[in-house]
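The structure appears right after this line, and notes come after that.
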Amino acid sequence: MPTLDDILEHVGEFDRFQKQTFFILCLLSASFTPVYVGVVFFGFIPEHRCSNPGVAELSQHCGWSLEEQLNHTVPEWDGHGASFSSRCRRYEVDWNATGISCTDPLGSLVGSGSTVPLGPCRDGWVYDSPGSSLVTEFDLVCEDSWKLDLFQSAVNAGFFIGSINIGYIADRFGRKFCLLTTIFANIVCGMLLVFVPTYLWIVIIRFLQGLVSKGCWTAGYILVTEVVGPQYRRTVGILYQAAFSVGLLLFDAIAYAIPHWRWLQLTVTLPTCFLLLYYWCLPESPRWLISQGKNDKAMKIVSDIAKKNQKKMPSHFKVSSGFEEDCGKQNPSLMDLFRTPQIRKNTLILMYNWFTSSVLYQGLIMHMGMAAENMYLDFLYSALVEFPAAFIIIVTIDRVGRRYPWALSNLVAGAACLATALIPEDIHWLKVITGCIGRMGITMAFEMVCFVNTELYPTYIRNLGVMVCSSLCDVGGVIVPFIVYRLVEIWHDLPLIVFTVLGVIAGGLVLLLPETKGRVLPETVEDVENFHRQSAPKANKIYLKVQGSEVTRG
C-alpha cells in the first residue's frame, strides 16, 4: 500500500499547489520578524543626558555651541557622553543663579578647585534622537534600564510557554486551526501595543504576543514541509527561514522610514490582517489528517492537490476503509518525546542545539553591536549575512547529508568566536571578518536544527517535538543578555569564550544523531527507532488503504 510520499510522486511533489502554499506561508514567516527582533527598534536607546532647568537659557545668554554647553554642564563629557555619569548624573547646582561666568560656570558657582556634587536626574532626560522609542517614552534608562530587559524577557517567556501549549494544539486540533487562531491573537496583541498607555500593560501584552506568535511561525513551518515531497522538503524548509531574513530587511527599511515606535508597531501589524485569508487559501496537512485517522479528508486534499497541479489521479487511489487496524488515531503526549531510546536521545540533543543556536545567534548580534554607530546599517549587515548561509545549505545538504554540515557549522561558529576573542583590538577589521564568519556559521546551524527537527519525529508528535525542543531556544534568549552584558565587565571578549565552548559541544553532539538524507518523514515511533537501519520495516509505516494494486516507487 502507498504512503503519502508515494502518492505525492504521482500528484505532484512541488507543483502549482505546493508553490502557492509555500509562497503564502512565507508571508507568515516574514511577518514574524517584528516580534522576534522588534526590540532593536521599538526599544532603541539614543544618546541621553540629564535635563537641567536653566541650562538652555544660560547657553543662549553666553552664546555657547551645543558642544560647549555639554562640556560646561554635563559631568565627564568627553565628546560623546558614553560614561554613566554623563548619562545618569547631573551637577547639583542652580543654573538659574545670577552672576554665573560664561567661561567657568562651575567655578563661579562652587568656587575654583572645589568638588561639584553630583545627583540623579530628577527632571528627566534629554534624548538626542528625532524619533521615539519605549526608552524615550517611559525613560527606561539608568536605574530603570532593567525594564527594557524585562520587555524582551517577557516575549521570550511567552515563546517558552507557548511553544509547548501551541505545539499541543497543532498536533491535537490541526495545523490550520492552530495557524488561524494564533494569527488572530497576534493581530489583537499587536494592535493593543499601539494604544496601551502604561509600561506594565505593554509588558503584559508583549508576553501574550510571545505566547502565540512563535507557535504560529513554527506551525507554518511544519505545514509547509508536510505538503511537499521528500526531495523538496529541505529546500522549502530553508527558504521558509530565508523568508524571515527577507522580513529583517523589510523591517529595517520600515523602521528607518518610521522612527516612532507606536507608528512602527501599527505599520507592521496592519498587513498581518490579510493572513486571516489563510482560512480560504490553505489546506489542512494531509499527514496530520492521516495520523488522526481522517483518511477521507486526507484523500480529498490529495485530490485537490492533483487537480491544482493538473495531474490525473490514478483510479486505484480511491479510499476504501481507512487505516490498518493497528494504526488508529493517536493523541500526542509530552512523555512520547522521552518514552523510547532513540526519540529520547533525539530530544535531548535537539534541546541542547536549540539552546546553543539561540545563545550564539543573539549573543553575537549583541556583542558585535555594542560599539555600533548606525543601528540601521548594523541591522542590515546582520540580515544580509543570513542569505549566503541559506545558499550554502541548499548547495551542500543533498550532497553530504544533514549531519555533517550541521556539525561543521557549529564548529566553525565556535572556532570563529575563539579567533575573534584572541585577535588584538588594533586589528579591528580582522575581528569583524571572523565575527561575520561566526555569525554565518551559527545562522546555518540555526536553520539546520529547525529543519532536521521535523525529520526526527513521527507525524503525530512532530509539531509537539519541534515546539518542546525549540522552547530551549527561548531559555537561551532569556539568559544571553546576562552572558553578554555581565561578562564584558570582566573582559570584553569573555562572552566569546563561552560561545566557543557551547558551539564545539553542540557540533560534537550532532554527530550522534541519525542521518535523515533521502528518507521519508517517519510516521510511527517504530520508524524513528529503526532510523539507524537502511529502511524501516514496511509493516511499521502508516499507509493509505486503497482499491486495486499497490503503488511502487518508480
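Every residue number used here counts from 1 along the chain in the order it is shown.
Just so it is clear, glycine is given a Cβ too, placed from its N, Cα and C backbone atoms.
Curation plays no part in TrEMBL annotations; they are all automatic predictions.
Per TrEMBL, the feature transmembrane segment maps to 21-45, 150-170, 177-195, 201-224, 236-257, 263-282, 348-367, 379-397, 404-423, 429-452, 464-488, 494-513. As annotated by TrEMBL, domain 'Major facilitator superfamily (MFS) profile' applies to 100-518.
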Contact call for the transmembrane segment (263-282) against the transmembrane segment (21-45), three or more Cβ pairs under 8 Å: yes
Contact ranking winner - 150-170, 177-195, 201-224, 379-397, 429-452 against the transmembrane segment (404-423), Cβ under 8 Å: 429-452
Sort out for me which stretch, of 177-195, 201-224, 379-397, 429-452, 464-488, has the most Cβ pairs below 8 angstroms to the transmembrane segment (21-45). 201-224
Thinking of Cβ pairs under 8 Å, which stretch from 177-195, 236-257, 379-397, 429-452, 464-488 has the most of them with the transmembrane segment (348-367)? 464-488
Positions on the same chain near the transmembrane segment (379-397), where near means CB under 8 A and six or more residues out: 40, 234-235, 238-239, 241-242, 245, 248-249, 252, 365, 368-369, 405, 436, 439-441, 443-444, 447-448, 517
Residues of the same chain, at least six outside the transmembrane segment (236-257), with any C-beta under 8 angstroms of its C-beta? 14, 18, 22, 25-27, 29-34, 36-38, 40-41, 217, 220-221, 224-225, 228, 264, 267-268, 376, 379-380, 382-384, 386-387, 390, 393-394, 397, 446-447, 450-451, 454
Could you name the stretch, out of 177-195, 429-452, 464-488, with the greatest number of CB pairs under 8 A to the transmembrane segment (201-224)? 177-195
Taking a Cβ cut-off under 8 Å, which residues six or more beyond the ends of the transmembrane segment (177-195) line up next to it in the same chain? 28, 35, 166, 169-170, 201-202, 205-206, 208-209, 211-213, 215-216, 219-220, 223, 262, 265-266, 268-269, 272-273, 275-276, 278-279, 282, 463
State the mean pLDDT for the domain 'Major facilitator superfamily (MFS) profile' (100-518). 83
